[in-house]
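Here the structure is laid out as structure tokens; the discussion comes afterwards.
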Ligand SMILES: NC(=O)C1=CN([C@@H]2O[C@H](COP(=O)(O)OP(=O)(O)OC[C@H]3O[C@@H](n4cnc5c(N)ncnc54)[C@H](O)[C@@H]3O)[C@@H](O)[C@H]2O)C=CC1
Ligand SMILES: NCC(=O)COP(=O)(O)O
């Protein structure tokens, strides 16, 4: 049945992600989010017995309790837990298709189910280490930042790694004043626009143990991080740091800031995934459209067993919908 396009809410596109992972089984469970979304993927990959209906356009209505599916046929069936290179191209096409739908105005946001980066690289020569970088490219090679945000802990834990999917030995090379400044600026703006925080407070982690301890355990903090933060404070940014990363994530420390800008992936993601694995949401900041994702990966070890927890996907859909409302 077609809805009145003037009044129908434009739904979120939930991309299928890796079909051999937990994505397909999370899609139906995610109806519990109570926000409008449509699944983009191959219905043949959904668990047997899933109640779904094909729709032609994102806004087409289906009965309550039925998963609406924008059908994107894949090359091969999916065997839970077993990656198939034949399906890599389909996974990439679905992400690109979702971007087209949101950019055309047919959808309000994108929520991505997890992909297996290695599978995409080996199966389709995917040139990006993750959604974040691919979406930035599709949006016109924009500078973006990756934020992971808790939804069930207080004070909240929000983290932004200034370098993202890079090898640890590259971090000191790639973490430059320009890269850190960009992460600070993008995060400050996104907290205002998408999280309703009028005067964001950012805490910046040092790179070295004890934030270098005045130069005895590394010099980046003294040589350029502190001067950069000083310059940005003079512009009006509310910044603390560079702080020792090991002591900035306990609850009293988190109450002093709205988001932590970290030097590298694990410095940022270990605290949030420890504090709120079930409720964590990954958000790409700086895109012209809204994109969220559960914080976890493809979980091949449990795929197909029906035990995957939908909480993070539900939180991601709700966060995207809140952002739609704010914008
Ligand atoms: N946004 C994305 O597309 C993301 C993709 N990945 C990709 O996922 C793949 C696997 O990554 P891993 O490091 O193994 O992390 P993972 O999150 O897939 O799994 C880590 C552990 O958490 C469990 N787990 C994950 N999600 C769960 C859920 N919903 N319910 C219950 N248990 C759950 C898994 O069973 C496993 O024991 C990699 O290829 C990685 O690149 C990882 C994170 C995000
Ligand atoms: N560890 C987080 C992660 O890999 C998410 O990456 P992306 O696919 O959202 O870019």
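Start at 1 and count along the chain as shown; that gives each residue its number.
Glycine too: its Cβ is placed from the backbone N, Cα and C atoms.
Residues near residue 282 (substrate binding site) in space but far in sequence (CB under 8 A, at least 6 apart, same chain), listed by position: 146, 147, 148, 292, 293, 294, 295, 316. Taken from TrEMBL, the feature substrate binding site applies to 131, 132, 273, 282, 291.
Summarising the environment of residue 210 (divalent metal cation binding site), the number of other Cβ atoms within 10 Å of its Cβ, over all protein chains shown, is 16. What TrEMBL lists as divalent metal cation binding site is 165, 210, 265.
Around residue 273 (substrate binding site), the C-beta neighbours below 8 angstroms that are at least 6 residues distant in the chain are 148, 280, 295. Here the candidates are the binding-site residues 131, 132, 291, and by Cα distance the one nearest residue 210 (divalent metal cation binding site) turns out to be 132. Counting only the Cα atoms, the space from residue 291 (substrate binding site) to residue 165 (divalent metal cation binding site) is about 18 angstrom. The binding-site residues examined here are 131, 165, 265, 291; by Cβ neighbour count within 10 Å, the least packed of them is 165. The two recorded residues, residue 265 (divalent metal cation binding site) and residue 131 (substrate binding site), have Cα atoms 15 Å apart.
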